[in-house]
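Engineer: According to TrEMBL, the protein has these features:
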TRANSMEM  A:26-47  transmembrane segment
TRANSMEM  A:53-72  transmembrane segment
TRANSMEM  A:93-117  transmembrane segment
TRANSMEM  A:129-146  transmembrane segment
TRANSMEM  A:229-250  transmembrane segment
TRANSMEM  A:271-295  transmembrane segment
TRANSMEM  A:311-333  transmembrane segment
TRANSMEM  A:354-379  transmembrane segment
TRANSMEM  A:506-528  transmembrane segment
TRANSMEM  A:540-561  transmembrane segment
Number of protein chains: 2
Amino acid sequence: MEKGSGSPAAGGSCPQKNAEILSSQYGINLFLAGLLLTFAWAVHAVGISKSHLLSYLITLMFIQLLWMLWYLCRSCTQRRLIRDKDTHAGARWLKCGITLFAVITLILDSFKVGYYIDFSNCLSPTEGIFPVTHAAHTILQVYFLWCHAKDIIQSFKTLERFGVIHSVFTNLLLWTNGVLTESKHQLNEHKERLITLGFGNITIVLDDHAPQCNCTTTTLCSIFSQGIYYLYPFNIEYHILASTMLYVLWKNIGRKVEHHQQHKTPFKFHGITVGMIFGLIVLTSTIAVVVVYLIQIGRSKVKSELALTMFYLHAIFVLALMCTAGVVALLIYRLEDRSLDNSKNPARKLDAELLVGTAAGSWLLSWGSILAIICAQAHPKYTWYNLPYSVLVIIEKYIQNLFIIESIHREQEKANDDIKTLRIVTISRGSTLSLTPSYKEIYNGRATCDIGELPCLVSSSICARESDGGGSANKETNQGNSPVMHSASEFSFYSRSSVADNKRRILKNIAAFLFLCNLSLWIPPAFGCRPEYDNGLEEIVFGFEPWIIVVNLAMPFSIFYRMHSAASLFEVNCKT
Amino acid sequence: MEKGSGSPAAGGSCPQKNAEILSSQYGINLFLAGLLLTFAWAVHAVGISKSHLLSYLITLMFIQLLWMLWYLCRSCTQRRLIRDKDTHAGARWLKCGITLFAVITLILDSFKVGYYIDFSNCLSPTEGIFPVTHAAHTILQVYFLWCHAKDIIQSFKTLERFGVIHSVFTNLLLWTNGVLTESKHQLNEHKERLITLGFGNITIVLDDHAPQCNCTTTTLCSIFSQGIYYLYPFNIEYHILASTMLYVLWKNIGRKVEHHQQHKTPFKFHGITVGMIFGLIVLTSTIAVVVVYLIQIGRSKVKSELALTMFYLHAIFVLALMCTAGVVALLIYRLEDRSLDNSKNPARKLDAELLVGTAAGSWLLSWGSILAIICAQAHPKYTWYNLPYSVLVIIEKYIQNLFIIESIHREQEKANDDIKTLRIVTISRGSTLSLTPSYKEIYNGRATCDIGELPCLVSSSICARESDGGGSANKETNQGNSPVMHSASEFSFYSRSSVADNKRRILKNIAAFLFLCNLSLWIPPAFGCRPEYDNGLEEIVFGFEPWIIVVNLAMPFSIFYRMHSAASLFEVNCKT
């Protein structure tokens, strides 16, 4: 395509495969070194302070900034060249989502700068440089992703591969850093609650709680230090999203794509009212529950138990609804046996892997709870709600993953199927209508239109001959094995499209409902509503330290799962 | 193919994709529940004992046994049906390797039974049932893998998918269990050494050290309890190998393969003498170093330091040699620009992913050491050897992975290339020789034969006209872009094949040398030679507990890497 590519027609060339492994190994080492630094900071290693870690992160961000500037300049100067684009990568709503998170991240950065100014006497300069660099990094990265997330890079493969993988792992490290800060904060809050409740048997040491000096402007200080922790969840989501988008960009380097028509599928509120209403009810009730929970928990033993009971009952109800919705959707899919689109698509493959991979985080926690309930010697009443809750968490994610992965793999060419049916109908009837070609043109032009709104010409001519319900005939049409059609199926077209339309509407509503439910379920863990801590049962069975480690390792994935499945369900809604 | 399949011609069917996700999620949950039980046992959770874990493992093995029997019976009764086979999966040497490990695992099981009989007063019955079940499981599984590792299952997809994924994760859990037992043992030995050296500042509690009752037959007891720990490394390798083979079987379910000719590439000792000799020198010296290390370490401070110094110097020397060999091999690859075989091949893909993934384990440890050396306040002299050692570990795996992955992706059809050259030579010369077809037949029949041993007819007719060295012409022939050939290249065929033959011989020697080096480097960590513990520096910087956790998590992958890369290098040797 451009100079320096020279890729052979068949099979990949050695330098390309080499560049892939070279760069991925570089990225992994970059990440591991940063991970060790983060770990060292977390365990208060001798001789390693937070400023070392921040310096490392600043360096990485700076290199990425330089690389992005180079890339942007190069693509500006070479604008004339036609570039391949991966139509599946970097969807518009994904870009909008990341922009929203980035804006909140910028607010977080400004808060951090303010915090640094307030405590500048006792904080190292890196704590001031870090948010400034981070803000610049965020702005340029969002611009970069808006312009180049769909790129399929074909030239200068090695340098570009290194730059992209560097960006992927820089974002992953920033994510890790955010997760750790957030976990430390949650753990401190939990420990403070334990102190309030009078548990003296645990060695409680508050970790990185507050700087060693006084604030210069007392009023702003508490706003900054409190506000930061409400903004962290968005910062965390921003980095993991950026990381996945960049990873797809990396996987796309040197790829060859077949150009096929891209269906623009804009999001429409029309036709998903029921799903939206139920979803919004769940969303508002969840927010109410979280607020009550955070106010009540840790006040006294009775109030804590009440808060936990309320939380569990609410969650059990929501999860049961979600399971039901998921099962209904899967049953609808089983009724219509359609083939899957198995073409190569890195964005979709990553989506599916992330869904199953990150669900494992919350499954681990749930199995921990189940084990704890089975093995515990004493069972306060409220702990029993934990059992159905944990079981439902496992089942709900199981079903939801099945639904999402099947949805994103289904072939979108709904129109073609129906045209085929129509053709067969007209041919088998041996009629002289000969409207097939003209209808096909009309139909292809508006591929996403409702099948219910058939052109009057066609629908009337077929409807007139409609005789029986298309239930059994429907199955036969779908099998597609026998070229010879039964005479019963001749007349089933209208009723079939009506049934399909109904199915589609149900699926859209379910996707919308599940989308809002997943957004709702993202809120409690992201904003510090963690029954895994407050419940106490697991801590007694596994021990305080081991269980805290498990929760802190698994929780980030569990939180990410909710945001990621919400994003996937939004896509499902658009596609259905 | 058989009943119940009904796969459509284009794209996968929904039930198949569904079965894939259903089964993988089932497997992950199975694994996570087991992992939590193992974790609970490791941290001495209240109410969870070893017998709970063993009962769970016994149940899983029993289910797998039933499934394997069902599968074997079914394939016996339906022997007439022609089954697809994946020629890349389950290579003969892999089967031989797993059989060897399985035999040692059976010895381990018999030792465990003996140990149980000796201490039967104070051990739970599960500790006796476990090795018996495990032995039966091992025998049947090896038989199963010998007969069916290459199968591409097309029928009853759901039940077979569940069975295979169940087997994969059962083996992974048994691997985890083995790894944990081994880690506990190593940690106990380390703590005993620390006690000997008089370190009282660490809270030392020996974990699961010995049963609470006396042995019935004292002489056998120590043999059993000592012997078990020398056999564990083989047991661990057995399970991880079985797990990967079963995973490939799972990935192959429902796949469609293009039948292409399978090149039988038997292993030959001929022509790799130099590599073998150097490799055997490394192997024997490593064994000697390990024996001296294990005798000396922990005796006194001076002896420990001497042992560490000896270990590091030896490892630095070996790793430097391996790096050099790897670089030479990569340079040779860069000289001949051949295209890669990018066809779908689950076994190869898994190999590449495992190489990079498991290398990350040892990279993590190395980065930990590097960080510790940089940040430590005091540096005893021997700790400085740790720095080049850690850096070399990173670089060596980096280079070796590049070499192996490129090697297993190179197209094997060497013959075709040469035939093309020969054809062009004869055509461009415009001669009336017309021996191309007959030569091609001869050549295809012996695709792996040395190019140096050309049939006399051809070589003589070309050699006669040979005028100059084929150095520059060689490159031109390889470019393959211009259909018009230079006249200089006419005569380069003989010298070219001679150069290629030399390159091939060097590559084979390097692969053999690296194979033996990797086997050698597997021995020290597998048999308890762990400078990461004994060095002391990392423990001081990170703290005893955190560093022990990192080592115990990363070490199993590091050990597996060596065995896996040795297996891959064996394959490279056969293919080259």
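Heads up, the Cβ atoms here are built off N, Cα and C, so glycines get one too.
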Engineer: Same chain, outside the transmembrane segment (A:506-528) by at least 6, Cβ under 8 Å from its Cβ: which residues?
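Structural biologist: Answer is 185-186, 189, 229-230, 233, 236, 271-272, 274-276, 278-280, 282-283, 286-287, 289-290, 293-294, 311, 315, 318, 321-322, 325-326, 328-329, 332, 400, 403, 407, 555, 558-559, 562-563, 565-566, 569-570, 572-573, 576.
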Engineer: Count the CB pairs under 8 A between the transmembrane segment (A:271-295) and each of A:53-72, A:129-146, A:229-250, A:311-333, A:540-561, then give me the winner.
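Structural biologist: Between the candidates A:53-72, A:129-146, A:229-250, A:311-333, A:540-561, the best contact partner of the transmembrane segment (A:271-295) is A:311-333.
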Engineer: Does the structure show the transmembrane segment (A:129-146) and the transmembrane segment (A:53-72) touching, where I'm treating 3 or more Cβ pairs under 8 angstroms (sequence separation 6 or more) as a contact?
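Structural biologist: Contact confirmed: at least 3 Cβ pairs fall under 8 Å.
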Engineer: What residues elsewhere in the chain lie close to the transmembrane segment (A:53-72), defined as a C-beta under 8 angstroms and at least 6 residues from its ends?
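Structural biologist: For the transmembrane segment (A:53-72), the far contacts come to 30, 33-34, 37-38, 40-41, 124, 126-127, 129-130, 133-134, 136-137, 140-141, 143-144, 147-148, 160, 163, 166-167, 170, 173-174, 177.
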